[in-house]
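Quick look at what TrEMBL annotates:
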type   : residues : note
DOMAIN : 36-149   : domain 'Plastocyanin-like'
DOMAIN : 162-313  : domain 'Plastocyanin-like'
DOMAIN : 432-555  : domain 'Plastocyanin-like'
SIGNAL : 1-26     : signal peptide
């Protein structure tokens, strides 16, 4: 009897421990409210009205722990439609909260609200949120910080302080007007007027010395800088004078640490770096600089934003300290970009294993790049020729968003036939020398087409850049998934030779990857998240021109493999 009682108590004790562990890992629910409202902001000595969240530019920081549930109520007080994308959140079975307008939801209209409800599962690190309709994300963006579970350490030295640094672009004009002008004329868009650190352009721009971001540090400390590229159209080099950075994370996935003087981030990408300050107070301050990387032929904002790294010491005056300036790679330094990208490797440890698919069920080959559409009759356009407008495409299909429903809604209610087609090409219809002399015909087709995947399909996708209308890099973002970057190279992908060099041991895991300028990248992922998931270039004008497609992942057989139903406050079109 005593033995049975002891056994019962032991089992009850173990169940209680298990319950407490499960409860702790499940996290808590965190509530935020985003009020979309107008705010007068002055930059470059010009005051303009911009769309903000809670009157802040950049917007408020959202913080959670791995396992937490986030419920973020977005209330629209402006005349523009709005939706918010939680960039990098996997949204397991909660595709209704992903955010891209007319893909997973209709936008939130004036006077309406919507609660984005999702749980952070198996993720920790630096992500971000931003508007996902037209060019609203020019001013509507902010950090999304996922901390590890309680008592779970970082796989690198614990930082003294953590600092988000978010890069952006500032337009003196209304970004929506810049977009509409480009789409109407068929030309490339006007460039932004400045780049920013945490919303501030800094001393290298006219009338902006007072609008300078300063990072105050102490000697002999380690700082974790959470770098986020929220710029609309520019990839950016970043460096700090006379300091070395240690990269420890990319797109909220830990990586094998490596040192660098310069970090490259495409739009949409995040990178965590450790900054170890000098052991004693230096008799100087240091510029932090960011400037574009670009190899295309269009007009971009080729200016440099500066912030200041300043050491704090109560007995030292900083008024007359010299400022040390760093150097950055040339704007078109593709060799630096390629070498930097190759440095990223997953930890591949027992705690953070690599789950890259070793075999694949489906292989796809997508070309990504620019093209043209015909100019409307009786109109002169400003594209590559007077008779054409700029366009962009994947496998020669320039994506058209629906305007009266969303892809996910139409799929969920079984009425997708009138909204999208399932015949997206799995490879180019007409193979050509993708990175060589471009074909004479640069016209692209237009359509709303998707690829359908069965649940748990393993996918290999080769993204091939093209030389049509010039070669340039394309930061491609996949919603709903992380993927492993198993290979990359210059020129045309060779299916007989290049897969033999794939890294299936410790490939980096990301949600946004640069298709190299004049080259290709191969990724693998497991389609274990039911729903409709956008994949697009994160250069905003390329997205507007149609460099987009979508994946439909079907439900699995088990209850926990099915898309949840939409919430009751889901926005109506």
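Note that Cβ sites are derived from N, Cα and C of the backbone, with glycine treated the same way.
TrEMBL labels come from automatic prediction, so no person has curated them.
In the domain 'Plastocyanin-like' (36-149), helix, strand and coil residues by DSSP number 6 helix, 58 strand, 50 coil. Per-residue confidence over the domain 'Plastocyanin-like' (162-313) averages out at a pLDDT of 97. Residue counts for the domain 'Plastocyanin-like' (432-555) by DSSP state, with H, G and I taken as helix and E and B as strand, are 10 helix, 61 strand, 53 coil.
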